[in-house]
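Working notes, structure below.
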Amino acid sequence: MAAADFPVIIVTGLSGAGKSTVLNVLEDLRYFTVDGLPASLAPQMVTILNREALSHYQGLVLGMDLRESNFVRNLEKSLERLQGMGVRPAVVFIEATPAVLNRRYATTRRPHPLESEGMGLEQALEQERLRLAPVRETADLVVDTSSYSIHDLRRVIQKKWSSIQGRIRSLRINIVTFGFKYGVPADADLVFDLRFLPNPYFVPDLRPLSGLDEPVAKYVLEAGHGETFLAKLLDFLHFLLPQYEAEGRYRLTIAIGCTGGRHRSVSVAEALLRALKKSDYAVSIEHRHMELG
């Protein structure tokens, strides 16, 4: 496995600074994440999790922290071994100010990892900062989370990481087809009504088929304004989807309906699915009423 075709990210930093939140953000960005991994095991993990096993993910993210004995030295050795394997991991270092970390620990009431060595919280925070200084100095990306909410942090990680790794499509799109006579899906964010298109139900040869069948799809898209509607819908979505991404949204449900949810909505939704996949979005489709229509 080479870095060029399978990105590897190592996320580390100060305890309480938000490493777990960052891992969750990267997981939402379609990375496979492993938290609490000893630094010494990073090369083995990269070897085990090959491209075929993670074919549906953007890359591999390994979360590590100071709880491991000799963490800094073990991380240095693992980075050297990974580079020898042709893998150049990007290191993301998460930090926050001492005042913010103190406040977070007071809120969560969890002990700092170094308090087990007999230190008080303030001393533990300072010692951790000193011990991890070499890692911070060589990190590809340093993120100070002191002033960020979870939603702010999501936007920052997506924006900053995109500048290093390239464009990341964070938005997951679910296309749902339905029949209006059965009701509009309650989870829909956008709803489009296709009942203005010619209905294959009234064509005897097409009635028993569904929008998954080529004759129906051809009829729906080529008769009336099917292709025109699809083109205008794509133009609209190509404008709208990046706006949702910029706001940190990671899920959007597009509902496409016709009378019974069997012919017109299915044909157009399948064409929309193919088009959006070409734009590298994570897209799924669900035909809720196709067998009822």
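A Cβ is built for glycine as well, from the same backbone N, Cα and C atoms used for every other residue.
Noted in Swiss-Prot for the protein shown:
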type	residues	note
BINDING	Gly13, Leu14, Ser15, Gly16, Ala17, Gly18, Lys19, Ser20	ATP binding site
BINDING	Asp65, Leu66, Arg67, Glu68	GTP binding site
Distant-in-sequence Cβ neighbours of Arg67 (GTP binding site), under 8 Å, six or more positions away: Gly36, Pro113
DSSP state at Arg67 (GTP binding site), helix/strand/coil: coil
Greatest C-beta neighbour count within 10 angstroms, which of the binding-site residues Asp65, Glu68: Asp65
Most Cβ neighbours inside 10 Å, all chains, among the binding-site residues Gly13, Gly16, Gly18: Gly13
Ser20 (ATP binding site) CB neighbourhood, other CB atoms within 10 A: 16
Other C-beta atoms that fall within 10 angstroms of the C-beta of Leu66 (GTP binding site): 20
Neighbourhood of Ala17 (ATP binding site), C-beta criterion under 8 angstroms, separation at least six: Ile94, Glu95, Ala96, Leu101, Thr145
Inter-residue C-alpha distance, Leu66 (GTP binding site) and Ser15 (ATP binding site) (nearest angstrom): 8
Cβ-centroid neighbourhood (8 Å) of the GTP site, Asp65, Leu66, Arg67, Glu68 excluded: Met64, Phe71, Pro113
